[in-house]
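To start, the structure under review is shown below, and the notes come after it.
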Amino acid sequence: DFLCISLVNGFIQLRYNLGDRTVILQTLQKVQANGNTWHSLTAGRVGNEGYLELDGINVTQKASPGMNALDAHTDFFVGGVSSLNFVNPMAIENEPTGFTGCIREIVINNRELNLTVTDSKGGANIGDCDGTDCGYTVCKNNGTCQVENSGFSCSCPREWTGTMCEQSIHCSQNMCGSHALCIPQPSSLSYTCACALGWTGKYCDKKIEFFIAKFVGNSYIKYTDPFYGKRDLQYSRLSLNFTTNQTEGLIAWMGKSEDEDNDFLAIGLANGTLKVVINLGERISVPLMHSKYFTCSDGRWHFITVVQNQTCVKVYLDEELILFEDIDPQRKYTALNYGGICYFGGFEIGRKVHIVTTGLFQKALIGKIKDVVLFQDSKKIQLMKAEGYNIHDGNSGN
C-alpha cells in the first residue's frame with residue numbers, strides 16, 4: 001500500500017493504492033516553476049475516494065467498490081526518500097527523483113508537522129528556505145513579517161497585538177488571575193476566563209475542592225495514570241458514575257489522542273444512546289451501542305463499567321450487563337496501549353471533540369462525573385489532582 005504526492009511534468013499528481021488498484025489524480029493546472037510563487041495543496045482520501053486540490057481548484061475521484069484502508073508501515077517522507085528503492089514503481093509516473101524547492105506548513109490529519117531539525121526523525125541536504133528571521137509562522141494570526149536590522153517586526157491585523165500578534169486585543173487588558181487562561185470573545189468584543197482545576201469565579205480567583213466534577217461543555221480533565229508501567233494492558237477496566245440531561249457528550253477517553261493510530265477506549269452519548277468504542281491497534285472497532293438505554297440523558301446518576309479482556313468487551317450499565325462482544329476473534333491486537341492518559345468530559349481548550357474523535361462523538365460533556373476507578377484499583381482517582389480547565393464543584397444539588 002502507498003500514498004504518494006509528486007510533481008510530474010509540471011502538474012501535481014496524487015497516487016494511492018490500498019491493496020487492489022492504483023488510483024491516479026492529476027491537477028488541472030500546472031505549478032508555477034519560477035521559484036517565488038507559493039502554492040496551496042490539499043490531498044487525501046476518504047475510504048477509497050480521493051481528492052486533490054491545488055490553489056482551490058479541486059479534482060475528485062469517485063469511490064468504487066474495493067479496499068478502503070491504507071496499511072503503510074513505513075516512515076513518512078517529505079521531499080524525497082532515504083532510498084529510492086522504497087518507492088513503489090506504481091507510485092510515480094517517471095523515474096523517482098527528490099524534490100527541488102520549498103515546502104512548508106504540512107498538516108496531516110489536522111496535526112501540523114514541525115519541519116525542524118529536532119522534530120523530524122531524520123533527513124539530509126535540507127536548508128532554510130526563507131533565509132531570514134521571518135520564516136512563515138513567526139507572526140501569528142495572519143500577521144505580516146518585516147525583516148529589520150535587529151531581526152523582525154510583525155504588523156498585526158486589528159484583532160491582534162503583541163510582538164508576534166499572539167495576543168487578542170480583547171485579552172490585552174484582561175483581569176484573569178494567575179490560575180486562568182484568557183479566552184477572547186470577538187463577537188462581544190470581550191473575553192472570558194478559563195479556570196484551571198481547583199479554581200472558579202469570573203476571574204478564577206476563588207479556590208474550590210470537589211469530589212464530583214461538573215462539566216459545562218468547554219471543560220476537561222486530563223489524568224495521567226501513575227501506575228501505567230505496571231498495568232496488564234490485555235485486561236483493562238474503567239468504571240465511573242455520570243449524570244447528564246444532554247443527548248450528546250464525551251464522558252471518558254482512555255488514550256493519548258495524539259493521532260488516529262493511538263489505541264483508545266471511549267465512552268460517551270450519541271443521540272441519547274450510550275456508545276462505547278475501543279481501538280486496540282490499526283482499526284477502530286464498530287462502535288458498540290445500546291439503543292434500549294435512551295434514559296441515559298435523564299439527569300439521573302448512572303454507573304458504567306467497561307471491561308476489556310483481550311478482544312472481548314463487556315459493558316455494564318447500572319450493574320446490568322448490556323453489551324458483550326468479541327471485537328476481533330482473530331486476536332491480532334489484544335492490548336489497550338493507552339499511554340497512561342485518560343480524558344474526562346472533553347479535550348484541551350481549542351481541541352474540538354468531533355475533530356479529535358473523528359466524528360465518533362460530537363460534543364464535550366455537560367454533566368457530572370464521580371467515583372472514577374481504573375483497573376482493579378482499591379482507590380478512586382483523585383480528579384482534583386489532575387490537569388484541567390473549567391471544572392466546577394458538582395457536590396451541590398446532589
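Each Cβ is built from the backbone N, Cα and C atoms, and glycine gets one as well.
Note that TrEMBL annotation is computational and uncurated.
Of the cysteines CYS156, CYS171, only one is given by TrEMBL as the disulfide partner of CYS165: CYS156.
Taken through DSSP, the domain 'EGF-like' (167-205) splits into 6 helix, 17 strand, 16 coil. Nearest by CA distance to CYS176 (disulfide bond), out of the disulfide-bonded residues CYS102, CYS129, CYS156, CYS165, CYS204, is CYS204. If you count neighbouring Cβ atoms within 10 Å for each of the disulfide-bonded residues CYS129, CYS156, CYS176, CYS195, the highest count belongs to CYS195. Using a 10 angstroms CA-CA radius around CYS204 (disulfide bond), the disulfide-bonded residues that qualify from CYS102, CYS129, CYS156, CYS165, CYS193 are CYS193.
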